[in-house]
Amino acid sequence: MLRKVIICFTAAVFLLNIMAISVLSAPAVGEPVYDVETVADIMANTNVFELQAKSYVLMDAETGQILLENRSHERLPIASITKIMSMLLVMEAIDSGKINMDDIVTASEYAASMGGSQAYIEPGEQYTVRDALKAVATHSSNDVTVSLAELVAGSEQVFVVLMNEKAKELGMNNTNFLDCTGLTDEGHYSTAYDVALMSRELIVKHPKILEFTSIWMDTFRNGEFQLVNTNKLVHFYEGCDGLKTGFTRAAGHCLSATAKRNDMRLISVVLGEPDSNTRFAETRKLLDYGFANYESKQVNKKGEVVNEIEVKRALIPKIKALYGDDVKLLFARSDKGKVVREVRLKSFLTAPVAKGEKVGEVVYKIGEKEIAKVDLVSDRDVEKASFGKLFINMLSSWFSLGRS
(Lines of atoms letter the chains of each structure in order from A and count residues from 1; the text may use other names and numbers.)
(Lines give C-alpha, C1' and ligand atoms only; values in the text may rest on other atoms or scores of the structure.)
Protein backbone atom coordinates (compact mmCIF):
# COMPACT_ATOMS: atom_id res chain seq x y z
CA MET A 1 0.00 0.00 0.00
CA LEU A 2 2.79 2.40 0.96
CA ARG A 3 4.60 1.76 -2.32
CA LYS A 4 1.38 2.55 -4.30
CA VAL A 5 1.05 5.86 -2.45
CA ILE A 6 4.69 6.69 -3.14
CA ILE A 7 4.36 5.76 -6.83
CA CYS A 8 1.26 7.95 -7.20
CA PHE A 9 3.03 10.83 -5.47
CA THR A 10 6.08 10.39 -7.70
CA ALA A 11 3.91 10.36 -10.82
CA ALA A 12 2.32 13.62 -9.73
CA VAL A 13 5.73 15.20 -9.19
CA PHE A 14 6.78 13.92 -12.61
CA LEU A 15 3.79 15.60 -14.27
CA LEU A 16 4.51 18.85 -12.42
CA ASN A 17 8.09 18.76 -13.72
CA ILE A 18 6.81 18.40 -17.27
CA MET A 19 4.38 21.29 -16.78
CA ALA A 20 7.24 23.42 -15.42
CA ILE A 21 9.42 22.98 -18.49
CA SER A 22 8.09 26.02 -20.31
CA VAL A 23 8.63 28.13 -17.21
CA LEU A 24 12.17 26.91 -16.59
CA SER A 25 13.23 27.41 -20.18
CA ALA A 26 12.55 31.14 -19.99
CA PRO A 27 14.08 33.78 -17.71
CA ALA A 28 12.11 34.69 -14.62
CA VAL A 29 10.03 37.86 -14.75
CA GLY A 30 12.30 40.87 -14.36
CA GLU A 31 15.47 38.77 -14.84
CA PRO A 32 18.01 40.38 -17.19
CA VAL A 33 18.65 38.40 -20.37
CA TYR A 34 22.26 38.20 -21.54
CA ASP A 35 23.19 37.04 -25.01
CA VAL A 36 26.74 36.00 -25.88
CA GLU A 37 27.78 39.46 -27.10
CA THR A 38 26.39 41.21 -24.03
CA VAL A 39 28.22 38.84 -21.71
CA ALA A 40 31.45 39.51 -23.60
CA ASP A 41 30.96 43.26 -23.16
CA ILE A 42 30.21 42.93 -19.45
CA MET A 43 33.35 40.91 -18.82
CA ALA A 44 35.70 42.87 -21.07
CA ASN A 45 37.39 44.76 -18.24
CA THR A 46 36.84 42.62 -15.17
CA ASN A 47 37.39 39.13 -13.85
CA VAL A 48 34.38 39.18 -11.53
CA PHE A 49 30.74 38.70 -12.46
CA GLU A 50 28.07 40.46 -10.42
CA LEU A 51 26.45 37.18 -9.38
CA GLN A 52 24.34 36.26 -6.38
CA ALA A 53 26.31 33.07 -5.80
CA LYS A 54 28.42 33.09 -2.63
CA SER A 55 31.22 31.52 -4.62
CA TYR A 56 31.83 30.48 -8.23
CA VAL A 57 34.46 29.30 -10.66
CA LEU A 58 34.62 28.73 -14.42
CA MET A 59 37.24 26.21 -15.54
CA ASP A 60 38.43 24.80 -18.85
CA ALA A 61 38.15 21.02 -18.51
CA GLU A 62 41.02 20.18 -20.86
CA THR A 63 43.71 22.34 -19.26
CA GLY A 64 42.28 23.05 -15.82
CA GLN A 65 42.78 26.76 -16.48
CA ILE A 66 40.55 29.09 -14.45
CA LEU A 67 38.70 31.57 -16.65
CA LEU A 68 36.63 33.28 -13.95
CA GLU A 69 36.40 32.98 -10.19
CA ASN A 70 35.13 34.73 -7.10
CA ARG A 71 35.79 33.52 -3.55
CA SER A 72 36.47 30.14 -5.16
CA HIS A 73 38.52 28.86 -2.19
CA GLU A 74 35.93 29.74 0.48
CA ARG A 75 34.78 26.71 2.47
CA LEU A 76 31.04 26.18 2.12
CA PRO A 77 28.53 23.33 2.49
CA ILE A 78 27.90 21.75 -0.92
CA ALA A 79 24.87 19.49 -0.35
CA SER A 80 24.36 16.84 -3.07
CA ILE A 81 27.24 18.09 -5.21
CA THR A 82 29.04 15.71 -2.83
CA LYS A 83 27.76 12.91 -5.06
CA ILE A 84 30.27 13.91 -7.75
CA MET A 85 32.95 12.34 -5.56
CA SER A 86 30.71 9.36 -4.89
CA MET A 87 30.20 8.83 -8.62
CA LEU A 88 33.94 9.28 -9.20
CA LEU A 89 34.80 6.44 -6.80
CA VAL A 90 32.11 4.22 -8.31
CA MET A 91 33.44 4.86 -11.83
CA GLU A 92 36.99 4.12 -10.66
CA ALA A 93 35.77 0.82 -9.24
CA ILE A 94 34.07 0.01 -12.54
CA ASP A 95 37.03 0.97 -14.71
CA SER A 96 39.44 -1.00 -12.50
CA GLY A 97 37.28 -4.12 -12.78
CA LYS A 98 36.37 -4.25 -9.09
CA ILE A 99 32.68 -4.02 -10.01
CA ASN A 100 30.80 -3.79 -13.30
CA MET A 101 27.67 -2.11 -14.58
CA ASP A 102 25.62 -5.32 -14.44
CA ASP A 103 26.53 -6.24 -10.86
CA ILE A 104 23.58 -6.42 -8.49
CA VAL A 105 23.25 -3.92 -5.66
CA THR A 106 21.25 -5.05 -2.63
CA ALA A 107 19.79 -2.28 -0.50
CA SER A 108 20.58 -2.42 3.21
CA GLU A 109 18.27 -1.19 5.95
CA TYR A 110 20.64 1.71 6.52
CA ALA A 111 20.62 2.74 2.84
CA ALA A 112 16.83 2.49 2.71
CA SER A 113 16.54 4.78 5.75
CA MET A 114 18.07 7.81 4.01
CA GLY A 115 15.94 10.95 3.83
CA GLY A 116 15.93 13.82 1.36
CA SER A 117 15.89 13.03 -2.36
CA GLN A 118 15.35 9.29 -2.68
CA ALA A 119 14.05 6.48 -4.85
CA TYR A 120 12.21 4.95 -1.86
CA ILE A 121 14.12 1.68 -2.03
CA GLU A 122 13.26 -1.03 0.49
CA PRO A 123 15.66 -3.21 2.48
CA GLY A 124 16.68 -6.20 0.38
CA GLU A 125 15.59 -4.56 -2.89
CA GLN A 126 17.96 -5.27 -5.77
CA TYR A 127 18.98 -3.37 -8.89
CA THR A 128 22.01 -3.11 -11.17
CA VAL A 129 24.91 -0.72 -10.77
CA ARG A 130 23.83 0.79 -14.09
CA ASP A 131 20.33 1.59 -12.81
CA ALA A 132 21.75 2.85 -9.52
CA LEU A 133 24.07 5.29 -11.30
CA LYS A 134 21.11 6.52 -13.32
CA ALA A 135 19.11 7.22 -10.15
CA VAL A 136 22.04 9.03 -8.52
CA ALA A 137 23.04 11.08 -11.56
CA THR A 138 19.53 12.27 -12.43
CA HIS A 139 17.31 12.10 -9.35
CA SER A 140 20.10 12.57 -6.77
CA SER A 141 18.79 9.59 -4.80
CA ASN A 142 20.44 9.52 -1.37
CA ASP A 143 19.33 5.98 -0.56
CA VAL A 144 20.72 4.58 -3.81
CA THR A 145 23.97 6.52 -3.36
CA VAL A 146 24.55 4.89 0.03
CA SER A 147 23.84 1.44 -1.42
CA LEU A 148 26.52 2.02 -4.08
CA ALA A 149 28.97 3.18 -1.41
CA GLU A 150 28.31 -0.02 0.53
CA LEU A 151 28.88 -2.12 -2.59
CA VAL A 152 32.24 -0.46 -3.32
CA ALA A 153 33.65 -0.17 0.21
CA GLY A 154 31.52 -2.36 2.47
CA SER A 155 30.12 0.56 4.43
CA GLU A 156 29.47 4.26 4.01
CA GLN A 157 32.01 4.98 6.75
CA VAL A 158 34.85 3.27 4.87
CA PHE A 159 33.66 4.85 1.60
CA VAL A 160 33.92 8.32 3.16
CA VAL A 161 37.54 7.59 4.11
CA LEU A 162 38.18 6.80 0.43
CA MET A 163 36.43 10.04 -0.57
CA ASN A 164 38.71 12.12 1.62
CA GLU A 165 41.80 10.26 0.43
CA LYS A 166 40.83 10.95 -3.17
CA ALA A 167 40.18 14.60 -2.36
CA LYS A 168 43.68 14.92 -0.93
CA GLU A 169 45.15 13.18 -4.00
CA LEU A 170 43.40 15.70 -6.29
CA GLY A 171 44.66 18.70 -4.33
CA MET A 172 41.25 19.49 -2.85
CA ASN A 173 42.85 21.18 0.13
CA ASN A 174 39.71 22.82 1.49
CA THR A 175 37.38 19.84 1.44
CA ASN A 176 36.13 17.49 4.14
CA PHE A 177 33.51 14.80 3.55
CA LEU A 178 31.45 13.30 6.37
CA ASP A 179 29.00 11.30 4.23
CA CYS A 180 28.55 10.22 0.62
CA THR A 181 25.34 12.18 -0.01
CA GLY A 182 25.87 15.72 1.29
CA LEU A 183 23.04 15.49 3.80
CA THR A 184 25.38 16.59 6.61
CA ASP A 185 25.95 20.34 6.81
CA GLU A 186 28.18 21.03 9.82
CA GLY A 187 31.78 19.96 9.24
CA HIS A 188 31.06 18.72 5.71
CA TYR A 189 32.39 21.30 3.26
CA SER A 190 34.24 22.08 0.06
CA THR A 191 34.90 25.05 -2.24
CA ALA A 192 33.91 26.00 -5.77
CA TYR A 193 37.50 25.38 -6.89
CA ASP A 194 37.69 21.96 -5.22
CA VAL A 195 34.33 20.97 -6.71
CA ALA A 196 35.66 21.94 -10.14
CA LEU A 197 38.73 19.75 -9.54
CA MET A 198 36.70 16.64 -8.75
CA SER A 199 34.25 17.41 -11.57
CA ARG A 200 37.14 17.61 -14.00
CA GLU A 201 38.61 14.33 -12.74
CA LEU A 202 35.25 12.60 -13.19
CA ILE A 203 34.42 13.76 -16.70
CA VAL A 204 37.95 13.70 -18.15
CA LYS A 205 39.06 10.34 -16.69
CA HIS A 206 35.63 8.67 -16.77
CA PRO A 207 33.63 10.25 -19.64
CA LYS A 208 31.12 7.38 -19.62
CA ILE A 209 29.49 9.05 -16.61
CA LEU A 210 28.17 11.68 -19.02
CA GLU A 211 25.87 9.03 -20.49
CA PHE A 212 24.08 9.10 -17.12
CA THR A 213 24.34 12.78 -16.16
CA SER A 214 22.95 13.84 -19.56
CA ILE A 215 19.72 11.85 -19.17
CA TRP A 216 16.73 14.17 -19.03
CA MET A 217 13.94 11.74 -18.17
CA ASP A 218 13.98 8.00 -17.47
CA THR A 219 12.65 5.41 -15.05
CA PHE A 220 13.91 3.26 -12.18
CA ARG A 221 12.59 0.00 -10.71
CA ASN A 222 11.35 -1.44 -14.04
CA GLY A 223 9.45 1.71 -14.95
CA GLU A 224 7.69 2.15 -11.60
CA PHE A 225 9.65 5.21 -10.48
CA GLN A 226 9.99 8.27 -12.71
CA LEU A 227 13.36 10.02 -12.91
CA VAL A 228 13.65 13.66 -13.97
CA ASN A 229 17.09 15.24 -14.02
CA THR A 230 17.43 17.89 -11.33
CA ASN A 231 19.90 19.70 -13.62
CA LYS A 232 17.51 21.44 -16.03
CA LEU A 233 20.40 22.73 -18.16
CA VAL A 234 20.89 19.31 -19.75
CA HIS A 235 17.59 19.99 -21.49
CA PHE A 236 17.74 23.75 -21.99
CA TYR A 237 21.40 24.66 -22.56
CA GLU A 238 23.20 23.73 -25.77
CA GLY A 239 26.02 21.27 -25.14
CA CYS A 240 25.26 20.70 -21.44
CA ASP A 241 25.58 17.04 -20.45
CA GLY A 242 26.06 17.22 -16.67
CA LEU A 243 26.80 17.37 -13.89
CA LYS A 244 25.18 17.64 -10.42
CA THR A 245 22.85 19.88 -8.43
CA GLY A 246 22.67 20.27 -4.68
CA PHE A 247 20.43 21.87 -2.09
CA THR A 248 20.11 22.09 1.68
CA ARG A 249 19.05 25.11 3.71
CA ALA A 250 22.63 25.62 4.86
CA ALA A 251 24.20 25.15 1.42
CA GLY A 252 21.59 26.99 -0.61
CA HIS A 253 21.17 26.03 -4.24
CA CYS A 254 24.37 24.70 -5.82
CA LEU A 255 25.35 23.41 -9.24
CA SER A 256 28.39 21.96 -10.94
CA ALA A 257 27.63 22.04 -14.66
CA THR A 258 29.61 21.04 -17.72
CA ALA A 259 29.01 21.81 -21.37
CA LYS A 260 30.92 21.16 -24.57
CA ARG A 261 30.83 23.15 -27.79
CA ASN A 262 33.15 22.43 -30.70
CA ASP A 263 36.46 21.34 -29.12
CA MET A 264 36.03 23.13 -25.80
CA ARG A 265 34.50 21.73 -22.60
CA LEU A 266 33.83 24.04 -19.66
CA ILE A 267 33.03 23.39 -16.01
CA SER A 268 31.00 25.95 -14.06
CA VAL A 269 30.46 25.73 -10.30
CA VAL A 270 28.13 28.02 -8.33
CA LEU A 271 27.59 27.64 -4.58
CA GLY A 272 25.13 29.28 -2.21
CA GLU A 273 22.58 30.56 -4.73
CA PRO A 274 19.34 32.00 -3.30
CA ASP A 275 17.02 29.84 -5.42
CA SER A 276 17.00 27.20 -8.13
CA ASN A 277 16.22 29.48 -11.08
CA THR A 278 19.09 31.79 -10.14
CA ARG A 279 21.63 28.96 -10.05
CA PHE A 280 20.64 27.93 -13.59
CA ALA A 281 20.55 31.51 -14.89
CA GLU A 282 23.94 32.41 -13.42
CA THR A 283 25.49 29.16 -14.64
CA ARG A 284 24.30 30.04 -18.14
CA LYS A 285 25.97 33.43 -17.82
CA LEU A 286 29.28 31.85 -16.83
CA LEU A 287 29.19 29.26 -19.60
CA ASP A 288 28.12 31.86 -22.17
CA TYR A 289 31.07 34.01 -21.19
CA GLY A 290 33.49 31.14 -21.58
CA PHE A 291 32.24 30.07 -24.99
CA ALA A 292 32.04 33.66 -26.24
CA ASN A 293 35.49 34.74 -25.14
CA TYR A 294 37.74 31.68 -25.31
CA GLU A 295 38.78 29.20 -27.95
CA SER A 296 40.36 25.77 -27.68
CA LYS A 297 42.42 24.48 -30.59
CA GLN A 298 44.61 21.44 -31.17
CA VAL A 299 47.76 22.67 -32.88
CA ASN A 300 49.92 19.55 -32.95
CA LYS A 301 49.57 15.82 -32.41
CA LYS A 302 51.71 13.37 -30.49
CA GLY A 303 54.35 11.79 -32.74
CA GLU A 304 54.55 14.60 -35.29
CA VAL A 305 58.11 15.48 -36.36
CA VAL A 306 59.46 18.87 -35.33
CA ASN A 307 63.09 18.66 -36.44
CA GLU A 308 66.22 16.48 -36.57
CA ILE A 309 69.16 16.50 -34.13
CA GLU A 310 72.72 15.33 -34.71
CA VAL A 311 73.89 12.40 -32.56
CA LYS A 312 77.61 12.14 -31.82
CA ARG A 313 79.52 8.90 -31.10
CA ALA A 314 76.84 6.89 -32.88
CA LEU A 315 76.55 5.06 -36.21
CA ILE A 316 73.20 6.74 -36.81
CA PRO A 317 73.99 10.41 -37.47
CA LYS A 318 70.59 11.93 -36.55
CA ILE A 319 67.35 11.30 -34.70
CA LYS A 320 63.96 12.90 -35.23
CA ALA A 321 62.52 15.06 -32.48
CA LEU A 322 58.81 14.27 -32.04
CA TYR A 323 56.01 15.87 -30.05
CA GLY A 324 55.74 13.81 -26.87
CA ASP A 325 52.05 14.59 -26.48
CA ASP A 326 49.11 16.27 -28.18
CA VAL A 327 49.16 20.04 -27.93
CA LYS A 328 45.84 21.77 -27.30
CA LEU A 329 45.82 25.49 -26.62
CA LEU A 330 43.26 27.54 -24.76
CA PHE A 331 43.38 31.26 -25.42
CA ALA A 332 41.17 34.32 -25.39
CA ARG A 333 39.63 35.07 -28.76
CA SER A 334 41.11 38.57 -28.49
CA ASP A 335 44.57 36.93 -28.50
CA LYS A 336 43.93 34.89 -31.62
CA GLY A 337 46.86 35.41 -33.99
CA LYS A 338 49.18 36.43 -31.15
CA VAL A 339 50.28 32.91 -30.20
CA VAL A 340 53.99 32.30 -30.86
CA ARG A 341 55.67 28.87 -30.97
CA GLU A 342 59.20 28.68 -29.58
CA VAL A 343 61.19 25.48 -30.34
CA ARG A 344 63.98 24.71 -27.87
CA LEU A 345 66.23 21.88 -29.10
CA LYS A 346 69.59 20.65 -27.93
CA SER A 347 72.27 21.53 -30.52
CA PHE A 348 73.43 17.90 -30.55
CA LEU A 349 73.12 14.66 -28.61
CA THR A 350 75.72 12.15 -27.51
CA ALA A 351 74.92 8.44 -27.74
CA PRO A 352 73.40 6.47 -26.18
CA VAL A 353 69.93 7.95 -26.71
CA ALA A 354 66.75 6.14 -25.66
CA LYS A 355 63.53 6.18 -27.64
CA GLY A 356 61.16 8.61 -25.93
CA GLU A 357 64.00 10.46 -24.20
CA LYS A 358 63.46 14.21 -23.86
CA VAL A 359 65.58 16.10 -26.40
CA GLY A 360 63.94 19.52 -26.21
CA GLU A 361 60.62 21.28 -25.79
CA VAL A 362 58.17 23.54 -27.54
CA VAL A 363 56.76 26.52 -25.66
CA TYR A 364 53.68 28.44 -26.76
CA LYS A 365 53.47 32.08 -25.69
CA ILE A 366 51.30 35.14 -25.94
CA GLY A 367 53.69 38.00 -25.40
CA GLU A 368 55.85 36.96 -22.45
CA LYS A 369 53.14 34.72 -20.96
CA GLU A 370 53.66 30.99 -21.40
CA ILE A 371 50.35 29.29 -22.16
CA ALA A 372 51.50 25.74 -22.94
CA LYS A 373 54.61 23.59 -23.07
CA VAL A 374 55.29 20.12 -24.48
CA ASP A 375 58.37 17.89 -24.46
CA LEU A 376 60.11 16.83 -27.65
CA VAL A 377 61.31 13.21 -27.59
CA SER A 378 63.60 10.95 -29.62
CA ASP A 379 61.96 8.76 -32.24
CA ARG A 380 64.40 5.83 -31.72
CA ASP A 381 67.02 4.12 -29.62
CA VAL A 382 70.61 4.99 -30.57
CA GLU A 383 73.43 2.90 -29.17
CA LYS A 384 76.86 4.26 -28.40
CA ALA A 385 79.29 3.09 -31.07
CA SER A 386 82.63 1.55 -30.09
CA PHE A 387 85.90 3.11 -31.27
CA GLY A 388 86.32 0.26 -33.76
CA LYS A 389 82.87 0.79 -35.28
CA LEU A 390 83.43 4.52 -35.49
CA PHE A 391 86.81 3.95 -37.20
CA ILE A 392 85.30 1.51 -39.73
CA ASN A 393 82.45 3.92 -40.37
CA MET A 394 84.94 6.75 -40.94
CA LEU A 395 86.97 4.60 -43.39
CA SER A 396 83.80 3.68 -45.27
CA SER A 397 82.95 7.36 -45.60
CA TRP A 398 86.42 8.13 -46.95
CA PHE A 399 86.25 5.33 -49.52
CA SER A 400 82.80 6.48 -50.59
CA LEU A 401 84.12 10.00 -51.10
CA GLY A 402 87.09 8.65 -53.05
CA ARG A 403 84.84 6.82 -55.49
CA SER A 404 82.62 9.80 -56.11
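Numbering starts at 1 and runs along the chain as displayed.
The backbone N, Cα and C atoms fix where each Cβ goes, glycine too.
Listed in TrEMBL:
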type: ACT_SITE; residues: Ser80; note: active site, acyl-ester intermediate
type: ACT_SITE; residues: Lys83; note: active site, proton acceptor
type: ACT_SITE; residues: Ser140; note: active site
type: BINDING; residues: Lys244; note: substrate binding site
type: DOMAIN; residues: 294-384; note: domain 'Peptidase S11 D-Ala-D-Ala carboxypeptidase A C-terminal'
type: SIGNAL; residues: 1-25; note: signal peptide
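Here the features listed in TrEMBL are painted onto the structure.
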residue	record	DSSP (3 states)
Ser80	active site, acyl-ester intermediate	helix
Ser140	active site	coil
Lys244	substrate binding site	strand
Looking only at the domain 'Peptidase S11 D-Ala-D-Ala carboxypeptidase A C-terminal' (294-384), what are its DSSP counts of helix, strand and coil residues? 3 helix, 58 strand, 30 coil
Can you give me the Cα-Cα distance between the residue listed as 'active site' and the residue listed as 'active site, proton acceptor' in Å, rounded to a whole number? 8
Within 10 Å, the Cβ with the most other Cβ atoms among the recorded positions Lys83, Lys244 is that of Lys244
For the residue listed as 'substrate binding site' and Lys83 (active site, proton acceptor), determine the Cα separation and express it in whole Å. 8
Using a 10 Å cut-off, grab the number of neighbouring Cβ atoms around the Cβ of Ser80 (active site, acyl-ester intermediate), all chains included. 25
